[in-house]
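Student: According to TrEMBL, the protein has these features:
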- 304-315: compositional bias 'Low complexity' (COMPBIAS)
- 94-151: domain 'Potassium channel' (DOMAIN)
- 204-279: domain 'Potassium channel' (DOMAIN)
- 295-330: region 'Disordered' (REGION)
- 357-381: region 'Disordered' (REGION)
- 22-43: transmembrane segment (TRANSMEM)
- 102-123: transmembrane segment (TRANSMEM)
- 129-148: transmembrane segment (TRANSMEM)
- 191-213: transmembrane segment (TRANSMEM)
- 219-239: transmembrane segment (TRANSMEM)
- 251-271: transmembrane segment (TRANSMEM)
Amino acid sequence: MAGRDCGGDCGPGRANEDNARFLLLGALLALYLLGGAAVFSALERPHERQARQRWEERLAGFGRRHNLSRDALRGFLRHFEEAAAAGVRVDGARPRWDFPGAFYFVGTVVSTIGFGMATPATVGGKVFLIGYGLLGCSSTLLFFNLFLERLITGIAHVTRWCGARRPGRRAGRRARSPGRAAAAGKPSVRVVLLALGAASLALCCGAAGLYAAAEGWGYLDALYFCFVAFSTIGFGDLVSGQQARYDGQGLYRVANFVLLLSGVCCLYSLFNVVSILVRQAVNWALGRAAGAGCRRGRGRGGPPRRNAVGPGRVRSGARGAAEADGSSGARRLSGEMVSMKDLLAANKASLAALQKQLSEAASGRPRRASTPPADDEFSGGVGAFAVMNGRLAETSAGS
């Protein structure tokens, strides 16, 4: 293909590009962590100091009233903390290790939420958790990826159906080439992002209303719990389904399980799609930096820009889309900035590649080593599978 003919420099060039992307993203994440730590420290540190001061005053007052030394009182409180870690509460609370409680626990394990309100205390429980979590978390990760694949397929069907319902587009579809007509039915990253964002927002808001009514929380606290649980952050400061009795207890527990599963699926998929946009932003920043350096070193008499529109450079059909993808890869290797038109056109091809790769990962079909990996944002898989699939493909191609 045009744009892929780069001799023997493609391997080192791609490796350098990957290293630059990795370093830039690592630096941005470090700055993001530093900024987040500064914000949370400024917001929460004063409240922590006030709470500690109130606790010390109450502890000293209780010791004086009951003639207890501070050491004896602290020793008793340590015993209480041990009992609380084992599931004992002052107020009436449901048992944590009956069958419904154990089922809730294994659900938080395989979904990687890990609230921490129940943890195995026996040696046998801890050993069993290691093997159980390894297989369960891996299977759940595969389930989430297959959920995203089905979601994209459903959005593609809806997009194709909406396009077919428009009478003004039917005549234009007949005149399209087969490759362009096939690409028209695939949703773009923006469409999937909007669909997942709307679904996640509606699910969080609806679930927050249910949790606020059933658990007695404020609506903001319930919304905070939904995000923490659905995103698998799982702090454990608020945990649903821990009271001894509920109105309609059986129905509420089923609804709680379904909401947690649906929420984790939606937010996992949303995070994967947002990561594509983050990668595009990193590629854009690298392209700007490399393009500025090339323009300074090229001078006025340099070669023409590869993404400039000129005679004979208009492509059509599936081959044109593939050549555009190849030339955009060459531009990134050469340090020239990718145009916005190429960036938006690559989104549809990215989602088509995602569906194919997830299907191959689920069915166990290996990627052909003779076919070079597509230079798009979904190349190599999604999420944690992306690094694994990409490296395995490079290893099989090299051998």
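Even glycines carry a Cβ here, placed using N, Cα and C.
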Student: Looking at the domain 'Potassium channel' (94-151) alone, can you tell me the average pLDDT?
Tutor: 89
Student: Below 8 angstroms Cβ to Cβ, which residues of this chain, lying six or more residues outside the transmembrane segment (102-123), approach it?
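Tutor: Hits for the transmembrane segment (102-123): 85-87, 96, 129, 132-133, 136-137, 139-140, 229, 232-236, 239, 241-242, 257, 260-261, 264.
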Student: Work out, from DSSP, the number of helix, strand and coil residues along the domain 'Potassium channel' (204-279).
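Tutor: Split into helix, strand and coil, the domain 'Potassium channel' (204-279) gives 55 helix, 1 strand, 20 coil.
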Student: For the transmembrane segment (191-213), give me same-chain residues lying six or more residues beyond its boundaries with a C-beta closer than 8 angstroms to one of its C-beta atoms, as numbers and ranges.
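Tutor: For the transmembrane segment (191-213), the nonlocal Cβ contacts are 151-152, 155, 159, 219, 221-223, 225-227, 230, 240, 255, 259, 262-263, 266-267, 269-270, 273-274, 277, 351.
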